[in-house]
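S.K.: One structure is given below, represented as structure tokens, and several questions about it will come after.
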Amino acid sequence: MTAPSVSTPPPHADRALSALLIVQAVSLFVAIPLSAQHPGWHVVLDAGHLAFAAVSVAVLAHNRMMRALLLAALAGLAIGPIIGEQAVASRGLTAVTMHESIALTAFVFNGLVTALIARHVFGPGRVTSHRLQGAVLVYLNVAQLFAIAYGVIETRAPGAIVMSDGLRFANPASARTAALTYFSLVTITTTGFGDIVPMHPIARSLVNLESVFGHLFPATLLARLVALHLAHADDPSGKGDAGA
């Protein structure tokens, strides 16, 4: 009696990982920094976020429940600012509450997408170059998740994360987003220039967690991918389970 075969994701799902990596890299390293000084780059950033969300929902989210959660979170991000402004005006809610709600929705959406990508990278099928790029995408997505978390902490406790000279982040919000994204990237790569310093205990704990993740993830990821590659070398038919 033969063992049941494990379904392999379609090839276009692998290629989607490479496309998402390009979009994420442009967003993190180009659009977010430039949008802090040039408002026109907000259009590029929003278009990148929309493309990222569309590909994630259409290609990677095969489960109906997961797709519904992603669409709900995406809808919250799209209409959240409008509803928030009305709530602030009519119900007396503070701008801090509105910002935290939007940030939480963004965190949930990015967390779900990161989980989908990680499941696909380590799922059934051969370890291709697209999957290796998907692993890099997971790494960058985690950095973005920490940047969102830092933003929530700074909003809730102003001065939780400050510049090395003791000054707080400049307005507008896009400048703070760019600074915290930069801070998250230098933390996860353990570069640590020291120009931005966490002061709040929770912020320091998150920085420690992110730096530990930044050390361990590449090493454990590399070992996992090498093991999968060796397993496929012993299985020329390509029917081996990469998730084994």
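These residue numbers are counts, starting from 1, taken along the chain as shown.
A Cβ is built for glycine as well, from the same backbone N, Cα and C atoms used for every other residue.
Because the structure is a prediction, the values reported are computed rather than measured.
As annotated by TrEMBL, transmembrane segment applies to 40-61, 68-89, 101-122, 134-153, 173-194. Annotated domain 'Potassium channel' per TrEMBL: 180-226, in sequence order.
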S.K.: Sort the residues of the domain 'Potassium channel' (180-226) into helix, strand and coil with DSSP and give the three counts.
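M.R.: Helix, strand, coil within the domain 'Potassium channel' (180-226): 35 helix, 3 strand, 9 coil.
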S.K.: Are there residues at least 6 beyond the ends of the transmembrane segment (40-61) whose Cβ is under 8 Å from a Cβ of it, and what are they?
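M.R.: 12-13, 16, 19-20, 23-24, 26-27, 30-32, 34, 67, 70-71, 74, 77, 109, 113, 116-117, 120, 174.
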